[in-house]
Amino acid sequence: MLFDHIAECLANFMDKLQIKDKKLPLGFTFSFPCLQTKLDESFLVSWTKGFKSSGVEGKDVVTLIRKAIQRRGDFDIDIVAVVNDTVGTMMTCGYDDQNCEIGLIVGTGSNACYMEEMRHIDMVEGDEGRMCINMEWGAFGDDGALDDIRTEFDQEIDMGSLNPGKQLFEKMISGMYMGELVRLILVKMAKEELLFGGKLSPELLATGHFETKDVSDIEGEKDGIRKAREILVRLGLDPTQEDCVATHRVCQIVSTRSASLCAATLAAVLRRIKENKGEERLRSTIGVDGSVYKKHPHFAKRLHKTVRRLVPDCDIRFLRSEDGSGKGAAMVTAVAYRLADQHRARQKTLEPLKLSREQLLEVKRRMKVEMERGLSKETHTIAPVKMLPTYVCATPDGTEKGDFLALDLGGTNFRVLLVRVRNGKRRGVEMHNKIYSIPREVMHGTGDELFDHIVHCIADFLEYMGMKGVSLPLGFTFSFPCQQNSLDESILLKWTKGFKASGCEGEDVVTLLKEAIHRREEFDLDVVAVVNDTVGTMMTCGYEDPHCEVGLIVGTGSNACYMEEMRNVELVEGEEGRMCVNMEWGAFGDNGCLDDFRTEFDAAVDELSLNPGKQSDCLALLQVRAILHHLGLESTCDDSIIVKEVCTVVARRAAQLCGAGMAAVVDKIRENRGLDTLKVTVGVDGTLYKLHPHFAKVMHETVKDLAPKCDVSFLESEDGSGKGAALITAVACRIREAGQR
C-alpha cells in the first residue's frame, strides 16, 4: 500500500508536467536506517519516525518501488540511486563548492556523511578513489561510549522514547528532543522549589508540550525574556521575572551543549580527512541542512566557533544547503548516470580483452598444435614456438653433491657464484656470490676483450673465496638467443641488451670462455653446461620437489620449458628417456594463429615495439597506456579507478593466456605418458608472477579449469638463473660419474 501510494503520487506529478511518456533517471531520498549494498540497492533495517508499514523491513526499497511502478504499468523510470538526506545535502553543496566533502544535518534528527578513502573501507572491494560514508552518527554512544557525559535527563528521555537504548547521541543533540530536555530540567527545578514557587502544571508535566521551536523563540535576539513568559503562561504557570530569566538560561545551556557535541564529532571527522590526505592544513567545506541549524538563532554560530577552536589547522567553510534531500538526490543521480555512461563506454572498449572459457580452450588447443610443429623436424624451421632442445636430460634426485661455480650473464651486470650442494642428512644448497659490472667499452669491444674481462672477474672471485687455483665444474647461464647443440655447446645467434662485442655471433660461447681461461693460465674450469633462466628455474625447484618437470618465467618477458619424451624431440638423435625443451613460447602467435584474439591495443603495442611482429606477449603497462589514449585520456591521467579497471582486465587476460599455455604443456606431458591423471609441479619465477596481487591466483584457476585431469602445484623459485645453473651442472656431473663407473 505504501509503495503503491508513492507510485501514484509519482504518476500524478509526471502527468502534471506532461513527462509520463519519458523514461527518466530517478534519485530516491529514503531517510531511514538502511544497509546499502550498491547505489541502487538499499535494504531497510528498521522503520523510524512513526512508520510501521509491514513487509518492508529487511527488503530492498528500490525493488519495492520498481514493483509498484510495474503494477501500474502506465509509466516507466530508471531508478539510478537511493540516497539519504545527509548525502543529498553534501551533493547539493558540492555542486556549488567542489571542496564540499562533508554533509551534516541537525534537525528533527541528526546525521553526518563524509568522503572516505576507499582503502579504509573494508566492507567494499577496491582501494582506489573515495566513497561517501553515511555515518549514522545518531547511534554514537549506544555501546556506552558516552555514559560518562549523559545526564539523568538524557536517560529519562531515552526511557520514554520508542527505541530505548538506541540513537543516544541523536537524543542528546537533535531538534526532536531539545525542547523535551528543557521541559524535564524545568520540572526537576520546580520540584526542588528552584522555579515557579515549587508549583507544577499538568501542561508542564505532559511530554511534548515544550517544543524545540520554543527554545529557538526564547533564545531570540529580541524579547527573549518576554517570549519565555508567554510560553510559560501557555503551560499554565505564573512565572516571575527570575523564572523567565532562568528558563532562558536553561534553553541556552541545552542548545549550547547540542552545538558543542555536534562540533566535537565534526572535528573528529575533519581530523580524519586531514590525516587521510596527509596535508599540513586542510581546506574543506561542510554542507549543512536541518531546522535546528537553520532556525535556531545561535546554534550555527556556536557550532562554527567550537569547530574552529577544536581544529585550528583546518580552514572550514559552512555552506547552507537549499533543498538538499531533493536536489541532492537528483545530483547523485546525475553523477551516477554520467558514471554509468562512462562505464558502458569502458566496457565496450575492454570487451575484446575479456576471454571466455571457450576462447581459452581454443588458445590451449592452438598452443598444443604449435608445440607439435616446433618439435617436428619437418616443420621446425617455420614454427614460431621453437621447442629448442636444452640437452638437460634429468632433474635433481637428491644425491648430487660437491662445489660448483655458476656464471650468470644476462645484462650489464653479471654474477659469479660458488654453490655448495650437500646430500644425505645435511642435504641443502649454500651459495656465495659477487656482482661485477661490464664497462661499456668492453661490451662494444672485441669478443676476446669481453671474455678476458669475464675470466678476470672469475679469478677475482676465486681469490675472494680463498679458492685460487682450484678446478671446479662450471654452469653458465647465458641469456641471449642461442642455438644449443649439446649441454656444453651453445652458438650465439645475435647479441641483444646493448652488447656488440665483435667476433662472437655465430661462435660457441663455451669455446670463447675456455679460450679466455687458457689465455690467463691461472686456473682451469670444467664448463659443463650452458642454460637459460627458464631451465634454471625448473632445476632449482626440482631440487626441492621431485615432481617439478616444468619451468615458467613471467616477468619482463615470458617463457616456459618442460621435460619432453626423447622420442618426440625429432631434432636430437635417440628415443630413450626425456629432455628439457625450451619452448620460447613468447613467439606464440607470430605466424598469425592468434590474430582473432589480438585487439587493436595489441596491434598498437606491437607496432611501437623494437621487434614488430615478434613475441606478442601482451606488455601490460604499454597496453594500459594505449587503452587510456583510446579513451581520450592522457597517459598521466590520475583517474585511478579507470586506470585500475583497465589494469585489472589486462592483467587478468595475461594470467588467463599464460594459464591456457600452461594447461597445454601439462596436458601434453600427461598424454605423452598415457596417464589418466598427472601430478606435476611447475617451478615459477618472474616479477609479474611474484609481485602482481592477482596474477598467480588467476593463472592457477585457469590451469585447473582447462586441464582438469592434471593436479598442478606451483613452486616459486629463488635465484633460478644462478642456483639453477649450478644444479644442472651438478646433475650432469652425477650422470657423467655414473657413466664412468
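Glycine residues also receive a Cβ, built from the backbone N, Cα and C atoms like all the rest.
Per TrEMBL, domain 'Hexokinase N-terminal' is recorded for 2-95 (among others).
According to TrEMBL, the feature domain 'Hexokinase C-terminal' maps to 101-335 (among others).
Summarising the annotation, TrEMBL assigns domain 'Hexokinase N-terminal' to 347-543 (among others).
Regional average pLDDT for the domain 'Hexokinase C-terminal' (550-615) in the model is 84. The domain 'Hexokinase C-terminal' feature in TrEMBL is assigned to 550-615 (among others).
Annotation comment: TrEMBL describes 621-731 (among others) as domain 'Hexokinase C-terminal'.
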* For the domain 'Hexokinase C-terminal' (621-731), what does DSSP give as the number of helix, strand and coil residues? -> 72 helix, 15 strand, 24 coil
* So, by DSSP, how many helix, strand and coil residues make up the domain 'Hexokinase N-terminal' (2-95)? -> 39 helix, 21 strand, 34 coil
* Asked: How many of the residues that make up the domain 'Hexokinase C-terminal' (550-615) does DSSP mark as helix, as strand and as coil?
  -> 15 helix, 18 strand, 33 coil
